[in-house]
Amino acid sequence: MRVDIVSIFPEYFAPLDLSLIGKARASGTLRLAVHDLRTWTHDVHRTVDDTPYGGGPGMVMRPEPWGEALDALAPDELSPDGHTLPRLVVPSPAGVPFTQALAHELAAESHLLFACGRYEGIDQRVLDHAATRMRVTEVSLGDYVLFGGEVAVLVILEAVTRLLPGVLGNAGSLDEESHAHGLLEAPMYTKPATWRGHEVPEVLRSGDHGRIARWRRDEALLRTAARRPDMIAAVPPESLDKKDRAALDRGGFQPPAGDVAK
Ligand code: JAH
């Protein structure tokens, strides 16, 4: 996968040399380049912002440097290798929610181009014009405001690159983790069996794989009901069998109405 990032703070992306993302880059699985937006300014002060039309606080990113950056990184002409245009991803509090499903979708792209806004954001015409030539997705990580899109891009890239073939090895199974099956995971423990007076649940030391699976399922259901009412409400009622319903009931949660799975 090819990834380009445009930012006025390219130094933010130094961590991408490290750890598993660094390995993916070294192996060629990930071809990543970080670009300074000021490359595409022409005034002595290399200005990237200006005051907002209509008034209001803060500054807005000028369209001209962004226009040139996108022209350079997403050229109109088809290259000799017949490459397709990148998918432009723009972190913004006004974006669509970033989910594991969207991470999978982005991991299937051959070329991602990230545009990091700062201040009050990028002049809307940059995104409107880009959308006439390529797919543009504004993405939100959650309902809070950052200084800019840089940290959001680090998060998105970490979620996406670990899905690329060969990056995780097969040590971690992607389909057993949280958000793969719509429930939070049960808690995990390692040695020692007793630590500061806290014991590892007996069932996990029993060696009884049937009981362990049942316990983990119950804990996953109870945690999800307690912490994520949105996720438990989205569980299809017919996917909950009698034991699932009994676990929720014991925890004081109302199991959803509907057909009971066998
Ligand atoms: C803030 C440009 N949902 C997280 C998130 C993503 C981006 C931004 N804020 C929060 C942001 C200022 C300028 C982007």
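Just so you know, glycine gets a Cβ as well, placed from its N, Cα and C.
Please treat TrEMBL annotations as automatic predictions, because they have not gone through curation.
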| Per TrEMBL, the range holding region 'Disordered', considering 53-82, 203-232, 233-262 | 233-262
| Site-mate of L141, G142, D143, Y144, V145, L146 for S-adenosyl-L-methionine in TrEMBL, selected among G117, G166, G169 | G117
| Neighbour tally for V145 (S-adenosyl-L-methionine binding site), based on other Cβ positions within 10 Å of its Cβ | 7
| DSSP three-state assignment for L141 (S-adenosyl-L-methionine binding site) | coil
| remark: Across the compositional bias 'Basic and acidic residues' (239-248), DSSP labelling yields 8 helix, 1 strand, 1 coil
| request: Identify, in sequence order, the residues in the chain of L146 (S-adenosyl-L-methionine binding site) that are 6 or more apart from it along the sequence and have a CB within less than 8 Å of its CB; answer 'none' if there are none. | output: P91, A152
| said: Please give the maximum pairwise Cα distance, in Å and rounded to a whole number, for the S-adenosyl-L-methionine-binding set G117, L141, G142, D143, Y144, V145, L146. | reply: 17
